[in-house]
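Features of the protein shown, as given by TrEMBL:
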type	residues	note
DOMAIN	47-202	domain 'Glycosyltransferase RgtA/B/C/D-like'
TRANSMEM	7-25	transmembrane segment
TRANSMEM	45-64	transmembrane segment
TRANSMEM	100-118	transmembrane segment
TRANSMEM	149-174	transmembrane segment
TRANSMEM	186-204	transmembrane segment
TRANSMEM	231-251	transmembrane segment
TRANSMEM	263-281	transmembrane segment
TRANSMEM	287-304	transmembrane segment
TRANSMEM	316-336	transmembrane segment
Amino acid sequence: MKGNKKFYIFLAVWFFINLIQAIYTNIQEDEAYYFLYSRHLAWGYFDHPPFVALLIHLSSLIFHNILKVRFFSVVLQPIVLWLIWQQLNLKNKPTNQQINFFFLSAFSVVMFTVYGFLSTPDAPLLFFTALFLYAYQQFLYKINVWNVVLLILSSTGLLYSKYQGFLVIALTLFSNPALFKKPVMYAIASATLLLFLPHIIWQFNNGFPSVKFHVVERAVTFKWAYFWEYIPNQLLSFNPIIFITAIFMIIKYHKSDLYHRALYYNIVGFVVLFWLTTFRGHAEPHWTIAAAVPMLIVVNEYLTDSTSFLNLSRKLIVASVILILGLRTALILNILPKQMGFSGNALKYEAIAKMAKNKPVVFIDNHIEPALYYYFTGKPAVSIATIDNRNSQFDIWNEQKNWIGKPVLIVGNLPDTIAASPIPYSQEKEWSTNAFFSTQFLQIHYTLPDKTLHSGDTIHVPIIVKNTLPKPYYLHTNDFKTDVGIVLMHKGQNKIIKSLHYPEYRHIAANHYIVDTLKIALPSLNKGAYKMAIWAGNNLGQTLNSNISTVEIVDEENTH
């Protein structure tokens, strides 16, 4: 076991620095969302697998301040560092210089250090990546029960942490095709799949929401900016010195053994594969964070063997460390831009709670706000997503169905047609209603007589509107008037078109339906293939209420 007294002292210092950072840094908005996960433990969630929820839940059993969210993320990172250190192929007993450089290099990787005090799915992802590569290294050295069990547990942990965990496993397998000939690998794969089966069943029972979101809904029109910004973002996330050195070593000084091939495949695979995803939208810099583990191994093995390069890189890394210390101090002082997500204001949410007077709160088009509201006040809130915004875990929990027809407080960027009031410490407004109705509970089936539509034409679309609730749904009340129409989706843009004819029914009985026909005047549209669906809406916005079909828009029909 490599290491000496100085190494373990540095590990302890690392832990206490992150502990202090965790205590004094304001809650990050995504953490509040995952904290809400932890209050509803399940085998899966809309955005991610469930390990982060379990991690936060365990933290909340011990602490009641902000450490109820972050404690076990703080605990995991020193273990990650220890696992990385154990994998280094150092020729001799570790020197003070090597230990110093190891901790400096790890601290200089911005996104790596962040997940030492924030609780997001990336924290367990880093832990299980390090554990998996450690187990794989031991497995290559000797196949025994312990190493097989460790591979099963680490593989399962990767899959339950974040979907990128599948890449760590797949890239490692592809780096060593001979593994496919070993029966023990099929035993490991079968055991891992069996342990992961509850999450697969959860996805199936909920209509595979994570697959739809990550694979389909996140895809947008390609922009060259997404492609060109990718590498600069990666350089900033990993630290240019670490990133460039790792790539340089892979190209010029790569080792041929199976373990190092796995490291290289993971580094290059993550960087290249997520670069390719920029053809379908923006790639977040932290999506490749699992590659930080093999990068730190490669860089520390190479630089500690090259004295001249070590001296140069150490000076540059020390400069990076000073910059990161400044950024972490700014986090504690809460002076970073709001876009960083650390600006949750307890006073704002306490003011909303006071306005709500024990009524539940509905936030429009924002899944983070209700999570922050719950974190700061402990009171219930939900998010409702309109056509132009993403769905979230709130659409799976669906708690708002219990509030239909009851008093709620509504918060958001509300239209001027609503007599809304300003909220202290916020640019949003609030509006109270005695009978809440959301059109998301209306299910609409439609028939298109012809899927070729003429620009500027008027079409008639027969519809069946079903109330999916076990209670009556009122289409028209003092506060809400239901509209219906179509949405045409083309090149990332939504064209909302209201029907010229509105349903005359006042309400739909529980689990019942009405039949009607929409009259749609199509505006002048560019030719091409469009996605079309039916929406229903009220003064809170439009929701998508039908399946999506493809239509072809052609030139205006010549009636002369």
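Just so you know, glycine gets a Cβ as well, placed from its N, Cα and C.
In this chain, the transmembrane segment (263-281) lies in contact with the transmembrane segment (287-304); the count of Cβ pairs under 8 Å, excluding pairs fewer than 6 apart in sequence, is at least 3.
When each of 45-64, 100-118, 149-174, 316-336 is checked for Cβ pairs under 8 Å to the transmembrane segment (7-25), 100-118 comes out on top.
Here the listed stretches are 45-64, 100-118, 316-336, and the one with the most C-beta pairs under 8 angstroms to the transmembrane segment (149-174) is 45-64. Note on the transmembrane segment (316-336): residues 21, 24-26, 101, 104-105, 107-108, 110, 113, 239, 241-242, 342-343 of its chain, located 6 or more positions outside it, place their CB under 8 angstroms from a CB of the stretch. Taken together, the residues in the domain 'Glycosyltransferase RgtA/B/C/D-like' (47-202) have a mean pLDDT of 96 on the 0 to 100 scale.
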